[in-house]
Amino acid sequence: MSSPMFPNAPSTLAQRLAVLQRRSKVTIREKDLEKHFTRSPGPGGQNVNASHTRCQLILDFAKCRSWLSEPVVANLKKLEARTGTLTRSGNAIMITCHETRSQISNYDRALRTLQQKLDAAEAYKEEEKLEFSDWLKTVKSEDEIQEYHEYNRKRRDRDKQHRKMKKELKY
């Protein structure tokens, strides 16, 4: 909102969206978003009871195939699988915001959250899983690994000798 205090702030939703997207690789098309505004839950007095300030954005992956690549969608599904922001069918992501008393600022926050999630999905790279021996080399020095193997070898030898002694005592 452009105000006397912040004269350079973007005033329209399109301008705000443009500011968000200048900083990121993935560009959200506003026409592909479903926007729902409902009454916000919780305390807030007459404003909450009377105005629809809660913003819910739904981005359907099928609608945005032209600008959202398949790997980004797959990464987004991996990252958001446990957070509850994916719909039950897994074909859309739903972002809800009801933190402020203003519909516009809730819309901005929801849009910013969606943009951050898309950017994280764009930058996401799965870590390669190392074999135990390779992982051990990254954590321990060669001397420590050698000590570990030597200790285990001695322990196995002791166990074998102990089993042999038990067998000899039984007969």
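Cβ atoms here come from the backbone N, Cα and C positions, even for glycine.
Look at TrEMBL and you will find 24-163 tagged as domain 'Prokaryotic-type class I peptide chain release factors'.
Residues annotated as coiled coil in TrEMBL: 97-131. The coiled coil (97-131) scores a mean pLDDT of 86 in the predicted structure.
The region 'Disordered' annotation in TrEMBL covers 152-171.
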How do the residues of the region 'Disordered' (152-171) split into helix, strand and coil according to DSSP?
-> 19 helix, 0 strand, 1 coil
